Amino acid sequence: MVKIHDGASQLGANVAAPRSPEEATLERVANPHEEALYLARFTAPEFTSLCPVTGQPDFALLVIDYAPDKWIVESKSLKLYLGSFRNRGAFHEDCTVRIGKDLVAVLAPRWLRIGGYWYPRGGMPIDVFWSTGAPPPGLWLPDQGVPPYRGRG
């Protein structure tokens, strides 16, 4: 399980990159607009992990959308947490769903979804989607904007 810290102790500090998600600390800060229903989006266009079988690198575009409640994620801690997967062997589905579940455990958002758009290995892209359920009524929810992978042409 990822470690949780209230506040922004990593922001503005020289912090060593965690070697694994278990060593990473996701930080949360109070939502200054807790009464408002809004969407926050984080996009990680260069997410990497390792294939658990071959040890070869896997690459993905991650799009994380969430409707905050009492907490918002501190972005530097999220960046370091996502980077901690770089040396972790895990299947695409495991990485994508785990990130979503870890964020839910830390933030307890009104709603969250994650799209993992994995680049092809072996000629086949894998897209993984996970959410906490239906979005709240009235939430402006733009498309994640990632077309299906089709290679050249």
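Cβ atoms here come from the backbone N, Cα and C positions, even for glycine.
As annotated by Swiss-Prot, region 'Disordered' applies to 1-26. Across the region 'Disordered' (1-26), DSSP assigns 0 helix, 6 strand, 20 coil.
Per Swiss-Prot, the feature active site, thioimide intermediate maps to Cys51. Here Cys51 (active site, thioimide intermediate) comes close to Pro57, Asp58, Gly89, Phe91, Arg121: these same-chain residues lie at least six apart in sequence, with C-beta atoms under 8 angstroms from its C-beta.
In the three-state DSSP reading, Asp58 (active site, proton donor) counts as strand. The annotation active site, proton donor is assigned in Swiss-Prot to Asp58 on the grounds of sequence analysis.
Annotated substrate binding site per Swiss-Prot: Val73, Glu74, Ser75, His92, Glu93, in sequence order. According to DSSP, Ser75 (substrate binding site) sits within a helical segment.
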